[in-house]
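What follows is a set of notes on a single structure, which appears directly below.
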Amino acid sequence: MAVSEDEYKALPHQGVVAASEEETGRVLASVLARFPGRVAVISSFGAESAVLLAQIAAQDKAVPVFFLDTGRHFPETLAYRDELSQHLGLEDVRTLQPARKEVEYRDPEGQLVAFDPDACCALRKVEPLDVVLPEFDIWVTGRKRMQAATRAALPVAERQADGSVKLNPLAGWSEAQIADFMKEKALPAHPLVARGYRSIGCEPCTRPVGAGEDSRAGRWAGLAKTECGLHRPVPVTPPPGADKEEISATALLAERPVE
Ligand code: SF4
């Protein structure tokens, strides 16, 4: 399956989606109604994941939520996945893992992260997700423009090379809005947030961040790497009616499904 051109045109695009709970709820409700059984969420169960997952749960607790268990996560993240899923009543949280034989063959000592982190992410994240990508047409992510300079022009809807669409309904949300939403809804926080972690991935590749740093500054710190490979650039079809400036930003930031 794929998202048709008419379906893609009808999706919300950059510049027309307000950063608010009401608007995010409207977008999610519309997409879930128009693409029944074709929508899935990808979540890292990290520092801000509760905000998207709570809004998904408010619409439909049975929407599939995928979590990539790389085998290198903080134990706190695995516990938080279970706690948050239970708190929100999520009914279909699916954990993906790398193939055991592939890990034994390509990373027998568990040192791949030290000398080739891109290969490590490919083995533990990209390839396990590739197996399920064809099952869904809309992949919802919780990425936001404010998280890092590399996400500053993040589109709301991104056409992918395989015909699917990545939807980023929180693209315009600010850090203050995220914090307010967490507080207002009394959502449980990832336990590492209190220790200065504002973006949380695998343990070997994550450190706390200081005041004034981007929230993602602690991911692959000291390396040029800024994404795990789930969001690497691919050619995209610009949204219909987009002006040249928007097409340029969309094309630059278009990525494969998912976080
Ligand atoms: S984030 Fe680090 S440990 Fe996790 S898969 Fe990527 S390179 Fe490996």
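Glycine is treated like the rest: Cβ placed from N, Cα and C.
Pulled from TrEMBL:
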- 39-208: domain 'Phosphoadenosine phosphosulphate reductase' (DOMAIN)
- Cys120, Cys121, Cys202, Cys205: [4Fe-4S] cluster binding site (BINDING)
- Cys228: active site, nucleophile (ACT_SITE)
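A strand conformation is recorded for Cys202 ([4Fe-4S] cluster binding site) in the three-state DSSP classification. A simple way to gauge crowding: the CB of Cys121 ([4Fe-4S] cluster binding site) has 25 other CB atoms within 10 angstroms, across all the protein chains here. Take the CB of Cys205 ([4Fe-4S] cluster binding site) and look out to 10 A: across all protein chains shown you find 19 other CB atoms. Model confidence over the domain 'Phosphoadenosine phosphosulphate reductase' (39-208) is summarised by a mean pLDDT of 95.
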